[in-house]
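Below: one structure, written as structure tokens.
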Amino acid sequence: MDVYVSKAYATPIRKFWVVLLQQRRMAMAENGKYLDWAREVLHTEAEGLREIAADLDENFALAADALLHCKGRVVITGMGKSGHIGRKMAATMASTGTPAFFVHPAEAAHGDLGMIVDNDVVVAISNSGESDEIAAIIPALKRKDITLVCITARPDSTMARHADIHITASVSKEACPLGLAPTTSTTAVMALGDALAVVLLRARAFTPDDFALSHPAGSLGKRLLLRVADIMHKGGGLPAVRLSTPLKEAIVSMSEKGLGMLAVTDGQGRLKGVFTDGDLRRLFQECDNFTGLSIDEVMHTHPKTISAERLATEALKVMQANHVNGLLVTDADGVLIGALNMHDLLAARIV
């Protein structure tokens, strides 16, 4: 359908679209410039990491060995951005098997030096190697006979000269176009910290289970630590009836517990069978009269079970492999002690 636009409005409309298109082209040009700048930063920092990797020498290996055989804790210290890197370095080491923490050098000079004890190893970070705050605590560290590892960009710096082990972290160019803001240099030291942490992790044969112990609240921790016993229903919440229980009574019990299944036990509590809501639906389709039926006439005599000590993730695998939505939990004597279903795994964030 043709749209008529009067001559009085045609010119303003054309001008509007011309201006809009010009603004769009300018925005696209700006976006392209931003992307070019961003790529330049990333390429510069990547080149800095290649330089650091190429410059690694025996001092890095000596530092890693000192941290690996440290009988105390690894203490990281640094001022400003080096301090931020140090905090991250300490956190990474602590979560991967190397006991570590961060101490602010200025606070150390005002009492926190007492946190550093015999057998600790101190890792001090400074790009220039001339941090006044770190220099102020070096004599005290020497009196305590603390091993000092320094990471600086200058092997001739004050910190490097006083270090027991010095790691050079020098890059040829900062990503900052002014050459002022620490960018490539901070990325390089951060990567060196990760390298130390991972080297120590591998040297300790650190496992996912070890990692989970440091991360019990995380999803990985739950997957590696949470056991069936931690999430199963038990006691009064357990859906169970005895053999010979009338079917009608058993259905009421299953409905009250809301797990979609019902365990059937003998007089000693040993598991003998299971009846599910799926079985009930099929029974409705196949049988017109339930009068006189007992639960043991319609139950499955080979229920899927699991031990309470098994991991919750293993329960999930058993359910998936057998195409069931729930499992009954028994002890070594076959006595029913619990039950869980897929909803319990979902609630525990295992699925």
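Going from the start of the chain as shown, residues are counted 1 onward.
Cβ atoms here come from the backbone N, Cα and C positions, even for glycine.
The Zn(2+) binding site feature in TrEMBL is assigned to H104. Taken from TrEMBL, the feature domain 'SIS' covers 63-206. Taken from TrEMBL, the feature domain 'CBS' covers 232-297, 299-351. Per TrEMBL, the feature site 'Catalytically relevant' maps to K81, E133, E174, H215.
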H215 (site 'Catalytically relevant') CB neighbourhood, other CB atoms within 10 A: 14
Rounded distance in angstrom between the Cα atoms of E133 (site 'Catalytically relevant') and the residue listed as 'Zn(2+) binding site': 9
Residue pair the residue listed as 'Zn(2+) binding site', H215 (site 'Catalytically relevant') - Cα distance, angstrom, rounded: 25
C-beta crowding around K81 (site 'Catalytically relevant'), within 10 angstroms: 17
Cβ-Cβ distance under 8 Å to E174 (site 'Catalytically relevant'), same chain, at least six residues away: T44, L180, A181, P182, T183, T184, S185
For the domain 'CBS' (299-351), the mean pLDDT of the predicted model: 93
Pairwise Cα distance for H215 (site 'Catalytically relevant')/K81 (site 'Catalytically relevant') [Å, integer]: 26
Residues of the domain 'CBS' (232-297) by DSSP state, where helix covers H, G and I: 27 helix, 18 strand, 21 coil
Number of Cβ atoms other than its own within 10 Å, given for H104 (Zn(2+) binding site): 16
Summary of DSSP states over the domain 'CBS' (299-351), given as helix, strand and coil counts: 17 helix, 16 strand, 20 coil
K81 (site 'Catalytically relevant'): secondary structure state under DSSP, collapsed to three categories: helix
Count of other CB atoms lying within 10 Å of the CB belonging to E133 (site 'Catalytically relevant'): 19
Three-state secondary structure, E133 (site 'Catalytically relevant') (per DSSP): helix
